[in-house]
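A.B. asks: The structure that follows is given in the form of structure tokens.
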Amino acid sequence: MMKVLVVVALLVTLISYSSSEGIDDLEADELLSLMANEQTRKECIPKHHECTSNKHGCCRGNFFKYKCQCTTVVTQDGEQTERCFCGTPPHHMAAELVVGFGKKIFG
């Protein structure tokens with residue numbers, strides 16, 4: 001009977017050790033993923049900054065990702081150029097206003 005208890009204890013120890021190794025591997029993968037997301041976040045274009053050369057690189061705002069909004073600018077020479085900046089579209093501003101108002105009332 002004592003041998004059975006020792007074998008069971010040994011098996012439980014081995015199983016718990018192997019599962020903890022698997023969890024450590026998952027945590028390491030998760031950490032690498034978070035570091036990659038942080039790097040992407042650092043490289044994104046902040047609100048009100050120019051995004052003419054990278055129209056999909058705007059950062060995230062409080063609730064939504066900023067959108068690259070473009071306008072045509074006419075210089076004094078009569079040349080037309082496109083200038084873009086990261087900003088919040090009107091429908092996103094309205095949604096953020098409603099959510100903020102709801103948080104004040106129910107929050």
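Cβ coordinates come from backbone N, Cα and C, glycine included.
Got these off Swiss-Prot a minute ago, pasting:
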type     : residues    : note
SIGNAL   : 1-20        : signal peptide
DISULFID : Cys44-Cys59 : disulfide bond
DISULFID : Cys51-Cys68 : disulfide bond
DISULFID : Cys58-Cys86 : disulfide bond
DISULFID : Cys70-Cys84 : disulfide bond
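Each of the listed features needs to be described in terms of its position in the shown structure.
C.D. replies: According to DSSP, Cys44 (disulfide bond) is assigned to coil rather than to any helix or strand. For Cys44 (disulfide bond), the number of other Cβ atoms no farther than 10 Å from its own Cβ, over all displayed protein chains, is 17.
Sequence-distant neighbours of Cys51 (disulfide bond): residues of the same chain at least 6 apart with a C-beta under 8 Å from its C-beta are Ile45, Gly57, Cys58, Cys68, Cys84, Phe85, Cys86. Under the DSSP three-state reduction, Cys51 (disulfide bond) is assigned to coil, being neither helix nor strand.
In the three-state DSSP classification, Cys58 (disulfide bond) falls within a strand. Over all protein chains present, the Cβ of Cys58 (disulfide bond) has 23 other Cβ atoms lying within 10 Å.
Note on Cys70 (disulfide bond): other Cβ atoms within 10 Å of its Cβ, all shown chains, come to 13.
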A.B. asks: If you count CB neighbours within 10 Å, which one among the disulfide-bonded residues Cys68, Cys86 has the smallest count?
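C.D. replies: Candidates: the disulfide-bonded residues Cys68, Cys86. Fewest Cβ atoms within 10 Å: Cys68.
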A.B. asks: Compute the C-alpha separation of Cys70 (disulfide bond) from Cys59 (disulfide bond), stating it in Å without decimals.
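C.D. replies: Rounded to the nearest whole number, the Cα-Cα distance is 16 Å.
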A.B. asks: Counting other Cβ atoms within 10 Å of each residue's Cβ, which of the disulfide-bonded residues Cys59, Cys84 comes out lowest?
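C.D. replies: Minimum Cβ neighbour count within 10 Å, taken over the disulfide-bonded residues Cys59, Cys84, occurs at Cys59.
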